[in-house]
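Below is the structure I would like to discuss, written out as structure tokens.
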Amino acid sequence: MAKEKFDRSKEHANIGTIGHVDHGKTTLTAAIATVLAKNGDTVAQSYDMIDNAPEEKERGITINTAHIEYQTDKRHYAHVDCPGHADYVKNMITGAAQMDGGILVVSAADGPMPQTREHILLSRNVGVPALVVFLNKVDMVDDEELLELVEMEVRDLLSEYDFPGDDVPVIAGSALKALEGDAQYEEKILELMQAVDDYIPTPERDSDKPFMMPVEDVFSITGRGTVATGRVERGQIKVGEEVEIIGIHDTSKTTVTGVEMFRKLLDYAEAGDNIGALLRGVAREDVQRGQVLAAPGSITPHTKFKADVYVLSKDEGGRHTPFFTNYRPQFYFRTTDVTGVVNLPEGTEMVMPGDNVEMTVELIAPIAIEDGTRFSIREGGRTVGSGVVTEIIE
């Protein structure tokens, strides 16, 4: 079957659900697709379709990021259902990095929980521009005052991490009831999507900058070659253009021979699109997650840089003890983690949880970075800091 062309007439935005485990992120994702399907251009998606990665079934927690698409009158959305559980924050870091806006799901019955805070912090660190709040499971709360209290708590938490807590739209509803077809709660889903349409700014596309796409996944298509998938971070790529594969190994060049999005073929892709790029003459093992595809000469691989770093406090789930020069955590850039050695500036003996610090980092493998590149610092499966590159050294 020939693939149909992708419709570009509507503006496009990438959004996702974030929040504490079991507060209803996946149910809400299914409810949005199901309710919008009744009103027009969207294909309904069941909860099981979204929650379908094999690992998830055993533990009842969402691990992989599910991508679905739906439309409102105003926009076409690509929606990522971000994993909620702390063990899978690694995926959250790569998932949240793909968001022009987020829907923060908070169970009205439980209020904000540790991962609610962690996801707001991560959203701030990976540069998610705006969040909208969905207070879920309100059918389980009889007390109007309790709802108001939870809403106030969420707003305060957002303000604490520099989101405009007083202005953020908060919609109260029940994803499960909406999914079951309860008209009163379906209306709340439409209200939520109206808020997303209105409040989440039209993504400022970096289409005019040189092309770059962080590689998230790689697979081979028999008879066609190797495909790298990811979200175009900036610029445009047209079929037939040259790109460099940068990071981890020596830089190499290839030509993009095909571009597709949501299984539809494109002539070109631009910043914000989630695509698969078919690469000419590249073996499956020549490209890997953590590398980037970029316009030749536009970005270079480096191992040593200066950075401004915020070290999470113990209460935020960070370290309980200070660290010193020669500390060796993992540095997460875009889609991958690389071990690096920390060098603290003269006069800084140690760094306490909750501190801001300027540090020099030397990575064990080169990564495509430049001033302004953001990263997270992780150790033993948890985020302990976040930072931004301030100066490239080598």
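Residue 1 is the first one shown; counting continues down the chain.
Note that Cβ sites are derived from N, Cα and C of the backbone, with glycine treated the same way.
Here Swiss-Prot flags 19-26, 81-85, 136-139 as GTP binding site, drawing on sequence analysis. What Swiss-Prot records for Thr26 is Mg(2+) binding site, and it gives sequence analysis as the kind of evidence. Marked as domain 'tr-type G' by Swiss-Prot: 10-204. Sequence annotations record features per position, and here Swiss-Prot assigns region 'G1' to 19-26. Per Swiss-Prot, region 'G2' is recorded for 60-64, and the stated evidence type is similarity to another entry. The annotation region 'G3' is assigned in Swiss-Prot to 81-84. Under the heading region 'G4', Swiss-Prot lists 136-139.
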Between the Cα atoms of Val138 (GTP binding site) and Thr26 (Mg(2+) binding site), find the distance and write it as a whole number of Å.
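Each residue's Cα considered, Val138 (GTP binding site) and Thr26 (Mg(2+) binding site) end up 16 Å apart.
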Including all protein chains shown, what's the count of other C-beta atoms within 10 A of the C-beta of Asp22 (GTP binding site)?
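Taking all protein chains shown, Asp22 (GTP binding site) has 18 Cβ neighbours within 10 Å.
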Take every residue in the region 'G3' (81-84), average their pLDDT values, and give the whole-number result.
60
Which of the three DSSP-derived classes (helix, strand, coil) applies to Asp22 (GTP binding site)?
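The three-state answer is coil.
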At 10 angstroms around each C-beta, which of the binding-site residues Gly19, Val138 has the fewest other C-beta atoms nearby?
Val138
Here are the binding-site residues: Lys25, Thr26. Which has the lowest count of other Cβ atoms within 10 Å?
Thr26
